[in-house]
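Copied over from TrEMBL, here are the features:
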type     : residues                                                                                                      : note
ACT_SITE : Asp155                                                                                                        : active site, proton donor/acceptor
BINDING  : Asn15, Glu391                                                                                                 : Mg(2+) binding site
BINDING  : Lys22, His215, Leu216, Gly217, Asn218, Gly219, Asp289, Met290, Arg291, Gly337, Val338, Gly339, Glu340, Asn341 : ATP binding site
BINDING  : Arg98                                                                                                         : substrate binding site
SITE     : His187                                                                                                        : site 'Transition state stabilizer'
SITE     : Arg248                                                                                                        : site 'Transition state stabilizer'
Amino acid sequence: MTAPTPSPTRVLVLNSGSSSVKYQLLDMADGSRLAVGLVERIGEEGSRLVHTPLRGGEKRVRSGTVADHAAALKAVAEELAADGLGLDSPELAAIGHRVVHGGLRFTAPTVIDEEVLAEIERLVPVAPLHNPANIVGIRTAMTLRPDLPQVAVFDTAFHTTMPEAAARYAIDVDTADAYRIRRYGFHGTSHAYVSRETARLLGKAPEEVNVIVLHLGNGASASAVAGGRCVDTSMGLTPLEGLVMGTRSGDVDPAVTFHLMRVAGMTADEIDTLLNKRSGLVGLCGDNDMREIRRRIDEGDQRAALAFDVYVHRLKKYIGAYYAVLGRVDAVAFTAGVGENAAPVREAAIAGLEELGLAVDADLNAVRSDEARIISPEYARVAVAVVPTDEELEIARQTFALVHDPAQEK
Ligand code: AMP
């Protein structure tokens, strides 16, 4: 008698950007990583693939032009095959794709077919930088393994529970609806993962806790999560709204746009570039890396200090706003590059909020660790936590759960 074939447990997670593909191969039997890598500068000179096998073997780097996403994924497949982890492996259960914009239609991970791809395509006008690259990545992966379930995990999905009062802009309803203008929110897999991990850290079920999640990376967003459901988030129609970011302005008076058109003669595209690429920390002080900004502040640099103050002021404003939205807050969780590493940002954002039950313990805040941890003193009514995000694990979990239990697809 032959032993039954074990069901496949591996998931390849693909995050396809306009000129890059990030990937991770995970084994969902235990959530461990088998390989991680990145192809960058696709279609440009000096393309590079960096592949790291995590069960033995050295990191490998390939240089030379990678013409397009198809060539990039082919190279990734070759690297995985060289480690005995090829895409033809029967142990591969599915490929999970990060898709930035799922609009209102996609409220949960979704198995991709032509009709789903067409809908992702229809959303290109509201995500012109991201959805086209995601589509190319999906199409290429489908060609490589047409028989395998390909699952889209949407950045917007976690936020589809927002009530209309939070999601609607107060503009003419017919115009808004005709052009699908509303607040969608982004970084959803991170907000979902971190809010759940924060509940775990508190020893509670997600349904029992209200959490303010502060995802502070190069892109940054805040969310108010009540009992595991998102009730408000700071990014809107696009990932431009809300907090001050590395290169994005976050909130500005919309009149800035037509003022610049009329007074400075700038075009819509020029203003788009100004607000998305030449604003935020980089616009305020020339640097978007919080490490560099702190170093400059230590040397007495006034512009760096101003950038830090504007960044923290906005953050504090959102903490207060979401405190009011939630009514009761159990935890404030910091995550992503800045949130996980920049103790001065955490300290400054929480400073002065003692009346709200919020405080940071200086010693706990100074600890460097990859683990989720509480940094508020014992007496504080609200926990302040640092919770490392893991968007790839979350995408793999959602992908694997869907493939195993298709009933959960909405
Ligand atoms: P992410 O988009 O989550 O990868 O975050 C990237 C950003 O995190 C960088 O631009 C830095 O501003 C910030 N960052 C990363 N490491 C540190 C660190 N050790 N201290 C302060 N900020 C950091």
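Cβ atoms are placed via backbone N, Cα and C, with glycine included.
Structure with TrEMBL features highlighted.
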residue	record	Cβ neighbours (10 Å)
Arg98	substrate binding site	22
Asp155	active site, proton donor/acceptor	26
His187	site 'Transition state stabilizer'	29
Leu216	ATP binding site	27
Asn218	ATP binding site	17
Asp289	ATP binding site	14
Arg291	ATP binding site	12
Val338	ATP binding site	25
Glu340	ATP binding site	19
Glu391	Mg(2+) binding site	24
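Contact annotation for recorded positions (Asn15, Asp155, Glu391) versus ligand 1: none, no CB falling under 6 Å from a ligand atom.
All protein chains shown were included, and the count of other CB atoms within 10 Å of the CB of Arg248 (site 'Transition state stabilizer') stands at 26. Leu216 (ATP binding site) sits 14 Å from Glu391 (Mg(2+) binding site), taking the C-alpha atoms as the reference points. Look at the binding-site residues Asn15, Lys22 and count other Cβ atoms within 10 Å of each Cβ; Lys22 has the fewest.
Arg248 (site 'Transition state stabilizer') sits 15 Å from Val338 (ATP binding site), taking the Cα positions as reference. Look at Glu340 (ATP binding site): DSSP puts it in a helix. The residue listed as 'substrate binding site' and Arg291 (ATP binding site) are 28 Å apart (CA-CA, integer value). Neighbours of Asp155 (active site, proton donor/acceptor) among the recorded positions Asn15, Arg98, His187, Asn218, Asp289, defined as a Cα within 10 Å of its Cα, are Arg98, His187.
The Cα of His187 (site 'Transition state stabilizer') lies closest to that of Glu391, out of the binding-site residues Lys22, Val338, Glu391. Between the alpha carbons (Cα) of Val338 (ATP binding site) and Arg98 (substrate binding site) lies a span of roughly 22 Å.
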